[in-house]
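One structure is given here, and the rest of the page talks about it.
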């Protein structure tokens, strides 16, 4: 598929991009810039062209939503002045996020730990 081809997009995605492009043009943006932003928005919202026969690497909607939520949580922590690796940032993370980090570090007993126990175990693990 040549670069820039919209063949893999659904009709709904094409309609959405056209609507977004029109909206940008009404605000005075050039046609090329409006089109680029419209397709970038469609890609961000739906993960790109997803017709059958694609690469097969599409994430489920629930995983996309979880990633967006986690990204927003990290952004909030950054705005509050906590770096991602700081000890204070663990305080604003969810238990699920802490368990995921504990699983990556292979901390035993993580599934039955409370939030404060997970934070302490992660600090001990380095």
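Backbone N, Cα and C define each Cβ position, glycine as well.
Just so it is clear, the model here is predicted, and its values are computed rather than measured.
Features of the protein shown, as given by TrEMBL:
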type     : residues : note
REGION   : 1-126    : region 'Disordered'
COMPBIAS : 8-36     : compositional bias 'Basic and acidic residues'
COMPBIAS : 46-55    : compositional bias 'Gly residues'
COMPBIAS : 65-90    : compositional bias 'Basic and acidic residues'
DOMAIN   : 94-124   : domain 'Rho termination factor-like N-terminal'
COMPBIAS : 97-118   : compositional bias 'Basic and acidic residues'
**Report entry** Same-chain residues at least 6 beyond the ends of the compositional bias 'Basic and acidic residues' (97-118) whose Cβ lies under 8 Å from its Cβ atoms
**Finding:** 70, 73, 90, 125
**Report entry** Helix-strand-coil residue split for the compositional bias 'Basic and acidic residues' (97-118), DSSP-based
**Finding:** 15 helix, 0 strand, 7 coil
